[in-house]
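Worksheet: one structure, shown below.
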């Protein structure tokens, strides 16, 4: 089953905790702390593969990378979690499902993007030894990995997009010009999903065709199947309008261009040709009259028959010439996010009571594992390094005032 839009959740692995451990070997004096570090959590990546043709292969709705292992004594570090690589079709656009932000456009074979970063492993207690802190009974816990919802939207990569009514013969034309084998039947809406085919002009020259489900009048208002799949012609260099010569082709062309323009006005400026199909059903004079009338609409018209092969060589040459002379359309590109360093804010909440809002400092606090009293000296270093001490002084906080930060409360004692 073809699927071109999908929402999934990706979760990176949590970092392993650092260990609180002390060397206790017989006849080894001054063993000291020897807690090892936790391993980094695995990250989640998306990778474009030409061998994957639909998002339907992503059977799960949540994808999680492996957690990092915890550190152990004797300075043994935990193993890092294994990264998770999810393969998606080439042409997949990746959006943040909650914000709508475009994160990546995976068009090249093997192109890879990081979508959820694994949490850092915590440091073991051997890292917190100082001349005045010889036996720290605390360590760092591992960080949580990133978690986010992604909206994956597949936009096929092709040179030429076939646009037409249901049963206009688009699939027959695709089959006649390429080695593709789309479903073909004498009733409307036989094509329920896009099909790709490669037109071989010579041993070195080729181009690709994309056939999408037929468009009907009112498609831009949600009728039929075609509008749902029009995104698949957004990347094409050239549009080929396929018309049934025996079924009001002039009116059909007008309707098709109206619906395409309602979806995206820029598509009307895309280089285009008209394939007047099924000319084997009409007399030569009637075909010429129709072709002349269609040409007055400003597009080149080529009478063809997918059934008999009439006009197909000329159509191939005309399409190939247009493809070679037309650059790929410009698509919106992801905008790199700028990392904004969060500052420190001191907010009075009552007389002599202050709340400190500092995300980076709160991150340090959340990761302390073990004896918080023993970690007080380390936290004071963090406060000074991150600007908390300076912010408290600037706000006029006095000795003995109550300070809250990251779920902790303490009496403020100014540094001497």
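Counting starts with 1 at the first residue shown.
Keep in mind that glycine also has a Cβ here, set from the backbone N, Cα and C atoms.
Note that the structure is predicted; figures quoted are calculated from it, not measured.
According to Swiss-Prot:
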type     : residues                                    : note
BINDING  : 164-171, 189-193, 211-214, 277-280, 305-307 : GTP binding site
BINDING  : 171, 191                                    : Mg(2+) binding site
COMPBIAS : 32-42                                       : compositional bias 'Gly residues'
COMPBIAS : 63-72                                       : compositional bias 'Basic and acidic residues'
DOMAIN   : 1-157                                       : domain 'Obg'
DOMAIN   : 158-324                                     : domain 'OBG-type G'
DOMAIN   : 336-414                                     : domain 'OCT'
REGION   : 25-44                                       : region 'Disordered'
REGION   : 62-82                                       : region 'Disordered'
Legend entry - Long-range neighbours of the compositional bias 'Gly residues' (32-42), counting only residues six or more past its ends (CB under 8 A): 12-23, 65-84, 118-129, 134-136, 139-143, 145
Inset, instruction - Take the region 'Disordered' (62-82) and find every residue of the same chain, 6 or more past its ends, with a Cβ under 8 Å from one of its Cβ atoms. - result: 8-19, 21-23, 34-44, 116, 118-119, 121-122, 124, 126, 139, 142, 145
Legend entry - Greatest C-beta neighbour count within 10 angstroms, which of the binding-site residues 171, 305: 171
Legend entry - CB contacts for residue 278 (GTP binding site) [other CB atoms within 10 A, all chains]: 24
Inset, instruction - Give, as a single whole number between 0 and 100, the mean pLDDT over the domain 'OBG-type G' (158-324). - result: 83
Legend entry - Summary of DSSP states over the domain 'OCT' (336-414), given as helix, strand and coil counts: 26 helix, 22 strand, 31 coil
Inset, instruction - With H, G and I counted as helix, E and B as strand and the rest as coil, say where DSSP puts residue 213 (GTP binding site). - result: coil
Legend entry - DSSP helix/strand/coil residue counts for the region 'Disordered' (62-82): 0 helix, 5 strand, 16 coil
Inset, instruction - Let me know how many other Cβ atoms fall within 10 Å of the Cβ of residue 167 (GTP binding site). - result: 18
Inset, instruction - Sequence order is fine: just name those binding-site residues in 213, 278, 305 with a Cα within 10 angstroms of residue 171 (Mg(2+) binding site). - result: 213
Inset, instruction - With DSSP as the reference, give the number of residues of the compositional bias 'Gly residues' (32-42) in helix, strand and coil. - result: 0 helix, 1 strand, 10 coil
Legend entry - Distant-in-sequence Cβ neighbours of residue 164 (GTP binding site), under 8 Å, six or more positions away: 170, 214, 215, 241, 242, 243, 244, 252, 256
